[in-house]
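Participant: Pulled these from TrEMBL:
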- 55-75: transmembrane segment (TRANSMEM)
- 133-155: transmembrane segment (TRANSMEM)
- 161-182: transmembrane segment (TRANSMEM)
- 189-208: transmembrane segment (TRANSMEM)
- 242-266: transmembrane segment (TRANSMEM)
- 316-337: transmembrane segment (TRANSMEM)
- 357-374: transmembrane segment (TRANSMEM)
- 427-447: transmembrane segment (TRANSMEM)
- 454-473: transmembrane segment (TRANSMEM)
- 501-526: transmembrane segment (TRANSMEM)
- 586-650: domain 'CBS' (DOMAIN)
- 682-742: domain 'CBS' (DOMAIN)
Amino acid sequence: MDFLEEPIPGVGTYDDFNTIDWVREKSRDRDRHREITNKSKESTWALIHSVSDAFSGWLLMLLIGLLSGSLAGLIDISAHWMTDLKEGICTKGFWFNQEHCCWKSDHVTFEERDKCPEWNSWSQLIINTEQGAFAYIVNYFMYVLWALLFAFLAVSLVKAFAPYACGSGIPEIKTILSGFIIRGYLGKWTLVIKTITLVLAVSSGLSLGKEGPLVHVACCCGNILCHCFNKYRKNEAKRREVLSAAAAAGVSVAFGAPIGGVLFSLEEVSYYFPLKTLWRSFFAALVAAFTLRSINPFGNSRLVLFYVEFHTPWHLFELVPFIVLGIFGGLWGALFIRTNIAWCRKRKTTQLGKYPVVEVLIVTAITAILAFPNEYTRMSTSELISELFNDCGLLDSSKLCDYENHFNTSKGAELPDRPAGAGVYSAMWQLALTLILKIVITIFTFGMKIPSGLFIPSMAVGAIAGRLLGVGMEQLAYYHHDWGIFNSWCSQGADCITPGLYAMVGAAACLGGVTRMTVSLVVIMFELTGGLEYIVPLMAAAMTSKWVADALGREGIYDAHIRLNGYPFLEAKEEFAHKTLAMDVMKPRRNDPLLTVLTQDSMTVEDVETIISETTYSGFPVVVSRESQRLVGFVLRRDLIISIENARKKQDGVVSTSIIYFTEHSPPMPPYTPPTLKLRNILDLSPFTVTDLTPMEIVVDIFRKLGLRQCLVTHNGRLLGIITKKDVLKHIAQMANQDPDSILFN
């Protein structure tokens with residue numbers, strides 16, 4: 001009996017920091033599905049098993065949606081409470097944030113609805129007064145102290161328990177979805193620590209968001225739940241389909257945008273996205289959004305903190321300032337990517353990288369000290385964006401809505417354009433300072449050893465710039481309504497310009513400039529605001545920002561971080577325009593040692609073990625003989641090691657001199673010779689091959705479309721060499737005048 005007829009535990013699995021074989025994984029899944037379908041005709045029990053197997057994908061999506069939505073709700077509520085903790089505490093229950101504390105108070109006035117006797121600032125608690133310079137200093141000191149405490153806890157937990165919990169997570173998830181294996185990146189510890197430290201990092205007041213890391217959290221949920229189902233636990237390609245859907249659920253709960261989440265997964269993170277995954281992503285995003293809506297973390301029956309509705313339509317002329325915002329977004333995106341990557345490279349290559357705790361504490365201290373005096377930097381970034389998106393109405397008491405009241409109140413809640421009051425001018429100066437601080441501090445914050453998202457800081461930069469431009473346009477229209485550009489559509493006392501809309505367009509432009517998202521960005525933004533009629537301004541700004549940013553640098557922030565970290569990721573969107581051939585890239589080159597191969601029927605166990613110990617290759621081509629070099633197949637290093645170890649333990653008589661056969665039948669052996677070892681079952685009999693004269697643009701396309709990890713090069717059926725995914729990446733880097741040695745897992 002051939003012991004290999006039974007599957008060996010471990011064969012078909014992959015080592016850490018290796019690329020999966022998509023073709024083999026898809027083939028194994030088809031075989032498994034075919035077997036279940038054939039058996040389902042034999043008995044009722046087999047039919048039930050077949051139905052449950054088909055339904056398991058939908059059940060998994062349901063569980064991912066429920067878990068992602070629940071964790072997002074928990075993170076939102078905790079972050080809101082801990083952010084307010086920096087400024088004071090609720091005496092009727094320390095677990096209430098400021099808004100909830102004052103909800104049921106009988107002593108709240110409309111003008112000061114966020115102040116009530118039950119909410120005490122730290123100066124009231126410590127020195128029993130809120131007035132005077134000493135009270136201000138006490139509040140200032142407590143604000144900075146809480147920020148440092150939260151940041152210290154976040155970086156310490158990440159460093160001690162889950163180093164993979166830092167950063168945004170999206171560059172690594174893109175790499176994992178392309179077929180790369182980073183064990184532990186989507187594990188239980190990473191999920192627990194990322195959830196806790198994400199709350200701490202956001203609450204510390206650093207210029208970061210929780211939206212990007214929520215994608216990582218959702219993917220951790222998906223990966224952990226995959227282990228409950230055989231179909232996904234044992235197949236890496238199937239698991240990546242689930243992770244694509246989990247990424248959609250993550251964006252769905254981050255922004256309250258289920259459709260935007262699906263499009264984000266399709267446009268930005270997924271490598272392989274079949275139609276079946278599209279439906280399941282939609283279902284997972286829907287369940288996640290419904291779960292978050294049921295938890296209602298913001299207490300406004302909405303999925304997001306900054307839901308707004310604008311009452312005024314936009315005019316065709318306004319496309320000009322919207323495009324200006326798009327140009328600003330593209331310039332900011334290109335500037336941010338270059339400076340942030342330069343800083344991250346400095347962190348990697350200097351002593352700075354050895355002191356992550358000190359770096360986080362210094363950046364937090366600088367942020368908190370500069371943030372406290374300005375009310376717009378002191379508030380959480382999500383609340384700032386909400387304030388900037390807001391369309392001023394009669395009931396607004398914000399400084400941004402402090403206009404001189406030269407209007408007719410008979411129009412209801414809508415306000416016409418009117419002259420800005422002292423509050424608006426004061427707010428403009430504060431917002432200009434906030435813009436400078438956000439631009440500078442975000443560069444140093446993103447990439448530190450704590451969970452840090454980029455969506456919210458980028459949107460904040462754009463929203464501030466948009467609001468400043470919007471108020472400027474509004475005042476221009478008020479004082480010069482007789483100008484040719486205004487008189488056709490904006491009469492005096494009419495409600496023409498909506499500054500909140502400019503903030504929304506600016507937010508989309510800056511986020512697009514940094515991430516290079518287009519379609520998914522526009523959908524996320526209109527799902528955020530509920531404003532379908534504002535799709536054209538959003539599209540104009542998103543496309544302009546992408547064009548401007550692409551003109552200054554082709555990579556988005558996530559692709560730039562993938563390249564910085566040396567992940568083996570083959571970008572599907574880039575074209576290969578060079579006229580090289582497979583023979584120019586393959587190994588061995590002309591003066592290199594010969595390719596290491598195995599023969600199908602003439603090598604002993606000892607020969608193979610020697611080759612394994614002397615090389616680090618992931619696999620070996622199998623040929624008929626060294627003289628003929630006719631290709632038989634390809635065998636993976638890991639499978640060889642496991643199979644030989646298993647044979648030595650379980651098969652009687654296998655010794656170092658036993659001959660290994662990759663053929664279907666082994667010839668009869670003379671008496672007293674050791675038993676042979678048949679390893680045909682672990683041999684890939686249909687490895688991908690190209691001829692030596694195949695253009696590299698076709699080879700690159702094959703690697704992208706099929707997710708290959710290696711491709712063999714032949715000439716008239718004779719094996720010449722091998723091209724691996726890393727060889728392709730190094731060649732692309734070389735053609736772009738970059739350092740080819742940067743393409744390895746770092």
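From the backbone N, Cα and C atoms, a Cβ is placed for every residue, glycine too.
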Participant: Please check if the transmembrane segment (161-182) comes into contact with the transmembrane segment (242-266), where contact means 3 or more CB pairs closer than 8 Å and the residues in each pair are separated by 6 or more positions.
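Facilitator: By the criterion, they touch.
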Participant: For the transmembrane segment (133-155), find every same-chain residue at least 6 residues outside the stretch whose CB is under 8 Å from a CB in it, and list them.
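Facilitator: Distant Cβ neighbours of the transmembrane segment (133-155) are 82, 85-87, 121-124, 126-127, 197, 200-201, 203-206, 356-357, 360-361, 364-365, 367-369, 372, 378, 448-451.
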Participant: Report, as numbers and ranges, which residues of the same chain sit near the transmembrane segment (189-208): CB under 8 Å and 6 or more residues beyond its ends.
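Facilitator: Sequence-remote neighbours of the transmembrane segment (189-208) are 71, 74-75, 78-79, 82-83, 85-86, 143, 146-148, 150-151, 153-155, 157-158, 161-162, 164-165, 169, 214, 216-217, 220-221, 224, 363-364, 367-368, 371, 378, 380-381, 437-438, 441-442, 445-446, 450-454, 456-457, 460.
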Participant: Where else in the chain does the transmembrane segment (454-473) make close Cβ contacts, counting only residues six or more beyond its ends and a cut-off under 8 Å?
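Facilitator: Tertiary neighbours of the transmembrane segment (454-473) are 168, 207-212, 254-255, 318, 321, 324-325, 328-329, 332-333, 336, 381-382, 384-385, 388-389, 400, 420, 424, 428, 431-432, 434-435, 438-439, 442, 445-446, 497-511, 513-515, 557.
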Participant: Could you please provide the mean pLDDT value for the domain 'CBS' (682-742)?
Facilitator: 87
Participant: Mind checking which residues of the chain, 6+ beyond the ends of the transmembrane segment (501-526), have their Cβ under 8 Å from one of its Cβ atoms?
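Facilitator: Distant Cβ neighbours of the transmembrane segment (501-526) are 251, 255, 257, 259-261, 263-264, 266-268, 308, 310, 312, 314, 321-322, 325-326, 328-334, 336-337, 385, 388-389, 391, 454-455, 458-467, 469-470, 473, 532, 534-535, 537-539, 541-546, 548-550, 555-558.
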Participant: Can you tell me which parts of the same chain pack against the transmembrane segment (357-374), counting only residues 6+ beyond its ends and a CB-CB cutoff under 8 A?
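Facilitator: Contacts with the transmembrane segment (357-374): 139-140, 143-144, 147-148, 151-152, 154-156, 159, 204-207, 347, 430, 433-434, 437, 441, 444-445, 448-450.
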Participant: For the transmembrane segment (242-266), could you work out the same-chain residues 6 or more beyond its ends whose Cβ comes under 8 Å from its Cβ atoms?
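Facilitator: Same-chain contacts beyond the ends: 57, 60-61, 64-65, 68-69, 72-73, 173, 176-177, 186, 210-212, 214-219, 221-223, 225-226, 232, 272-273, 277-278, 280-289, 291-293, 302-304, 307, 455, 517, 519-521, 523-524, 527-528.
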